[in-house]
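Student: The structure's right below; bear with me while I get my questions together.
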């Protein structure tokens with residue numbers, strides 16, 4: 001949730017701070033960055049002090065064990081073994097391809113909207129090069145609202161697609177994500193050329209929701225395949241796919257854009273090939289997802305290895321393994337306000353801009 005929420009709040013906050021600090025002496029950038037650093041540090045420290053690690057064996061009071069529908073529900077795979085299996089690298093490719101397609105577009109969302117639709121955003125039949133300074137400024141403001149809207153759907157997608165994965169299973173959820181994403185990316189050039197701004201905005205919101213949903217669903221996918229005992233360590237290694245996508249996605253989109261602009265392609269058509277390439281990446285992701293198979297018993301940890309893994313935890317023998325929450329009403333209220341007020345402000349600011357796309 002923090003991924004989308006950070007952009008949802010941070011973008012309008014940074015814009016407001018720069019407007020506040022701007023003056024004859026400068027544009028207020030360094031003052032805004034310093035203020036943001038102080039605000040971020042305050043919120044991150046507050047969140048850090050709120051974390052509590054439960055003792056080994058703890059469970060919520062009254063919790064009932066739920067059966068997970070898997071071919072082999074008892075298998076637990078060591079992180080060293082997991083990283084040597086084809087399943088790990090197939091899931092690595094699944095995450096990398098999904099994030100590459102999503103993060104590349106997310107980073108270029110603002111210029112894409114401005115260059116593709118240009119004057120149409122202001123109900124004017126003008127190309128990008130025909131707009132004057134005032135019109136470009138108005139379009140940039142709308143594009144900032146569009147970026148915030150995508151951040152909102154990044155948040156919502158994490159809730160929605162994670163819930164879908166609980167109902168349909170992880171593999172089926174990623175199948176839907178890749179198939180639907182490929183269809184949307186493949187048809188976006190037609191939507192763009194037709195000037196259907198509302199359809200474009202809706203399609204992009206769905207695409208970014210699946211980008212967030214992939215992040216939210218992949219840890220449970222790993223637990224289904226490798227077991228839950230070392231899923232944290234396995235997930236940490238799998239996140240190298242996200243790091244790789246953070247390079248490949250923007251580089252791919254930016255390189256293709258610059259290459260086509262250099263060869264005289266008009267701004268409104270400069271993203272057509274990019275969208276087709278991203279469609280191909282999602283098709284590859286679909287294939288990788290279909291190749292994931294359950295692991296056999298030969299990959300499972302022995303009883304001795306499981307005991308050694310448990311020995312990595314420092315266990316307080318006097319720790320209570322059941323716990324009833326007794327939060328301070330004041331602390332609970334302040335905590336919820338600290339989270340909800342900035343998010344609601346970001347949502348309100350975003351919706352004020354987003355409604356213009358549908359009017």
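Every residue gets a Cβ built from N, Cα and C, even glycine.
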Student: Write down the single range among 173-191, 306-324 that appears in TrEMBL as transmembrane segment.
Tutor: 173-191
Student: Would you mind telling me which of 66-87, 88-109 TrEMBL tags as transmembrane segment?
Tutor: 88-109
Student: State the non-local partners of the transmembrane segment (273-292) in its own chain: residues 6+ outside its ends, Cβ under 8 Å from one of its Cβ atoms.
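Tutor: Contacts of the transmembrane segment (273-292) (Cβ under 8 Å, skipping residues fewer than 6 from its ends): 86-87, 90-91, 93-94, 97-98, 100-101, 104-105, 171, 174-175, 178-179, 181-182, 185-186, 188-189, 225, 252-253, 256-257, 260.
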Student: Return the stretch with the most CB pairs under 8 A relative to the transmembrane segment (29-51), choosing among 173-191, 234-253, 330-351.
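Tutor: Per the Cβ under 8 Å count, 330-351.
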Student: Between the transmembrane segment (88-109) and the transmembrane segment (173-191), do 3 or more CB pairs sit under 8 angstroms, pairs being 6 or more residues apart?
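Tutor: These two stretches do touch.
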Student: What stretch of 88-109, 139-161, 197-222, 330-351 shows the most Cβ pairs under 8 Å to the transmembrane segment (234-253)?
Tutor: 88-109
Student: Can you name the far-off residues of the same chain, 6+ from the ends of the transmembrane segment (88-109), with a Cβ under 8 Å from a Cβ of it?
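Tutor: Answer is 82, 143, 146-147, 150, 154, 174, 177-178, 181, 185, 204, 207-208, 210-212, 214-215, 218, 221-222, 225-226, 234, 237-238, 240-242, 244-246, 248-250, 252-254, 257, 271, 274, 278, 281-282, 284-285, 288-289, 291-292.
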